[in-house]
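*Asks:* In case it's useful when we look at the structure, here is the feature table from TrEMBL:
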TRANSMEM  B:20-40  transmembrane segment
TRANSMEM  B:52-76  transmembrane segment
TRANSMEM  B:88-109  transmembrane segment
TRANSMEM  B:115-134  transmembrane segment
TRANSMEM  B:146-164  transmembrane segment
TRANSMEM  B:184-205  transmembrane segment
TRANSMEM  B:217-241  transmembrane segment
TRANSMEM  B:261-284  transmembrane segment
DOMAIN    B:294-526  domain 'ABC transmembrane type-1'
TRANSMEM  B:296-319  transmembrane segment
TRANSMEM  B:339-357  transmembrane segment
TRANSMEM  B:364-382  transmembrane segment
TRANSMEM  B:509-533  transmembrane segment
Amino acid sequence: MTILPQYDGAGLRTAVRRELQRGRDFVDETEPDALVTVAVASVSLLAAFVGFLAVSSLTAIPFAVFLVATGYGWIRHQELTARVLTLTTTISTILILGLILVFIFAEAWPTVEYATMTVFGIPIPGLRLFVETRWSPVTPPIRYSLVPMIHGTVLVTIIATAVAAPLGVAAALFLSEIAPRTVRELVKPGVEILAGIPSIVYGFIGFTILSPWASDQFDIVGQGTYLFVGVVVGLMALPTVVSVAEDALNSVPESMKSGSLALGTTDWQTMTSITLPAAFSGVSAAVLLGVGRAIGETMAATVMLRGSPGLTKPLYNVFYGNDTLTSLIAANYGDADGLQLSALFVAGVILFITVLFLSIGSQYIEARMRQKLGGTD
Amino acid sequence: MAGAVESSLVNEDTSGTETIAASAVGLAAVLFALSLAALFEFVAITDPIAGVSMVVLLGALLVVLGAAVVAFGVGSRLGYVATQPRPSAGLVASVAFAGLWFVVGGLVASQTLGLGTVGWGATALVTGGVAFAATALPREDIGSTLPAGSLAILTGVIFLAGIIGPSWVWDLGWEQQASFNAEFAIPVVTAFCSLLAGWASAKAYGGFGARGRHVGAYVLVYLNALSIIAVLFLLVAFTVLKGLPGLFNGLAFGPGAGPETTLFGVTFTLPVSWPFVMNGVALLNDINGVLPAIVGTIWLVIGAVVFAVPLGVGAAVFITEYAERGRFTQVVEVATNGLWSTPSIVFGLFGLAFLVPRLGNGKSLLAGMLTLGFMLLPLVVITSREAMLAVPDEYRDASAALGVSKWQTVRSIVLPAALPGIVTGIILGVGRIAGETAPILLTMSGSVAPPGSQTVDVIGGFEFTTAPPFVDNPELLQATSALPYQLYSLITAGVGQSSNIANIDEFRWATALILLVVVLSFYAVGIATRYYFRRKLQHE
């Protein structure tokens, strides 16, 4: 994947013209019968989608028409129907991302509007969510500050990254460069299974074993610490870091490594001076993805934290854990309505946007690396 | 390193010196194991071991280890030991040791000596600076052993002198109370020092220089891999041990032991009675179970697969086979990768905002299925695309040369060839979504402990109606339970809601175990499938 090239106006116009020309060619070349079938299918699917969006009970009718049309098309014009169907599925993938964006933004808007704050006479919607620290959905003054939860998420993410990044990169090095074949065949599925353990099981073990133990060890009042949530979440983000970093290390051409070894270096010297620098951007993309996983991890945080939004005192006191953005949503969705529910959606928007940026950023870095190493993809 | 064959051309005398270094590594390993045992409270730090208390033993061993490391370094410098050290231990080690000794100096000055901010700051800077100089300036054999060994000796002396004894507590003095006590601090500090000294002695074992660094690094990397596997093993073993009693409670075999079942109109009694997976929760049950949650999970997975697999494979076919590489495929790739990393709770919110109002205006099985389907979709796209890209272009060319159309090539060449990869990806993806709690929490969660009568019966639930959409299935539009959700609600439920369950703790662990079994069996099948097909491909 390369970086989107910058089109200027003229380039765009030629591109549009080319597409139009292709469309016209397509219509000319295709049999009218097939064209009609495909058109009917597309229009009816669109109608079904619109009906679904509008909460209409008639949605089923256009959908049935779509099924009949595609069924007919499949028998008579399979080639074209298959092409159109696969195009439809592709578009629906993008559409889902778009729908997520639109819907959680729309639900989040009331609270953003409620939290408008005027700075120098200019009203800035949502500013009060981030400059105050009071989360109080019931007792007046009612405020929905997300600062305590962002603080919690940041602390948990930092701790989780401190656990997952070094251990994950070391494990990736082990798997890709060091381990003998038999050991790798054992360790690699192990790491994958670590990813497979459901987060609620991690949370349950953390809740029943780790939290009481931590309260006892550190003389903490009550249960729930960011420290151990961070450790558990780090453990959960570890497999992501390992697998992506391993891919990056594997993509370093064997010839580079052999060249270095031929100069008489040890394996470790080759790793630190050839393999790791060459794969550096891929490895950092792996860490970024791991950070994304840690930010979005929900259930372990929900069952292990206290669920009472507020800042810890002092701010770097990681032995107390109140709430993260994710646990806020999971713990409060049940009895929330109106503005409070909308505030939960604001938390969702923050999570979504942050993780989306991390994902795009890591893809960008990976693409750069692949270009640099002269790969074909 | 792949393709490289190790051979030791020169085997110098491996007698005394290497044995000393190797036994130092061994001692460090013993210390590490002891400190872990103390940390997890298998042994209390006051317990006597071999006649002395644990703290004293740890302290003494640390002093011995540190002394051995330092002695080896000094001996090498003075030429008693044959090594190939470099002129300096290097910048990375210097910075690491400087930071470490900065912390140690600061802690000792502020906590033990009771100096103020200026005092401890100055002391910390001095110790850090000295450590930096001691690492960076002398030859490598001194630079990498002296700071590590003396830290171990200092820690050992502190333990032996009782400055940090069994009753030691360090109150951090924060507004929200927290403190370190000896039971935590002593094992952790010991473990850290033994790691450090173990690394230094592994370097010494390798004779310093490039080979020494290689050995030192490998010890740490192997330890890391080992501990990851150990953690995995512990997690699974612990859950299994805790869950087994509840899971097999009341298990009975024999003809007529099980409940009466009607299948395809034939009524028969099962030869096995397994209450935990065959019952719901009810007041009159002898042994309560999680049948509704198991059935709910199965239907969830089926629904998500039915929704996501055609969409995902279709999209993968289009972007791999039809679309030209360009802006459109890039957008699709970015979107699928973005969807893949979207937090599961956001999918839950989306389901709550988008699906729930449109599907019967309440939490429902169908909403849960679709939400999980949205989560599964990007994974199916990504893995199917990878599998199709791995199909060699020669296959396509050969097929096209026969004059068949593009779709026929895809259908009869590309898809069959890519099928193993696609299936593996789907199985692994299903394993992931089967254990997801957050999305179904917001879209389909039902009661905390559902009775057996609330088991969903999707197939029997279909009925025809006169009003659009003419087909109705109330079972699909009802809230129901699933294993991960059941575990979550059991953890957070108040006393009253689960009062029917006699031994709630056993019940929870058994639920956790059965969830783990369900999810991990998906993973096991997925990994085994991949392994099988890879072997098969290699043998062709």
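Placed from the backbone N, Cα and C atoms, the Cβ positions cover glycine too.
Note that the structure is a prediction, hence the values are computed from the model and not measured.
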*Asks:* Most CB pairs under 8 Å with the transmembrane segment (B:146-164): which of B:20-40, B:88-109, B:364-382?
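*Replies:* Against the transmembrane segment (B:146-164), the leading stretch is B:88-109.
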*Asks:* Decide whether the stretches the transmembrane segment (B:364-382) and the transmembrane segment (B:509-533) have at least 3 CB pairs under 8 angstroms, with pairs required to be 6 or more apart in sequence.
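*Replies:* These two segments do not touch.
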*Asks:* Report, as numbers and ranges, which residues of the same chain sit near the transmembrane segment (B:88-109): CB under 8 Å and 6 or more residues beyond its ends.
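*Replies:* Distant contacts of the transmembrane segment (B:88-109): 115, 119-121, 123-132, 134-140, 143-144, 147-148, 151, 154, 196.
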*Asks:* Go through B:20-40, B:217-241, B:296-319, B:339-357 and flag the stretch with the largest number of C-beta pairs under 8 Å relative to the transmembrane segment (B:52-76).
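*Replies:* Highest pair count goes to B:20-40.
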*Asks:* Which stretch, B:296-319, B:339-357, B:509-533, tops the Cβ pairs under 8 Å count with the transmembrane segment (B:217-241)?
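*Replies:* Result: B:509-533.
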*Asks:* Six or more residues beyond either end and a Cβ under 8 Å away: which residues meet both conditions relative to the transmembrane segment (B:509-533)?
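*Replies:* Counting only partners 6 or more residues beyond its ends, the transmembrane segment (B:509-533) has Cβ contacts under 8 Å with 236, 239-240, 242-247, 249, 276-277, 290, 293-294, 297, 420-421, 423-424, 427-428, 430-431, 434-435, 483-484, 486-487, 490.
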*Asks:* Taking residues 6+ outside the transmembrane segment (B:184-205), which of them lie with a CB under 8 Å of any CB in it?
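*Replies:* 18, 21-22, 24-25, 28-29, 31-32, 34-36, 38-39, 45, 55, 58, 62, 65-66, 68-69, 72-73, 76, 83, 100, 141, 144-145, 148-149, 151-152, 155, 159, 164, 168, 170, 212-213, 215-216, 218-220, 223.
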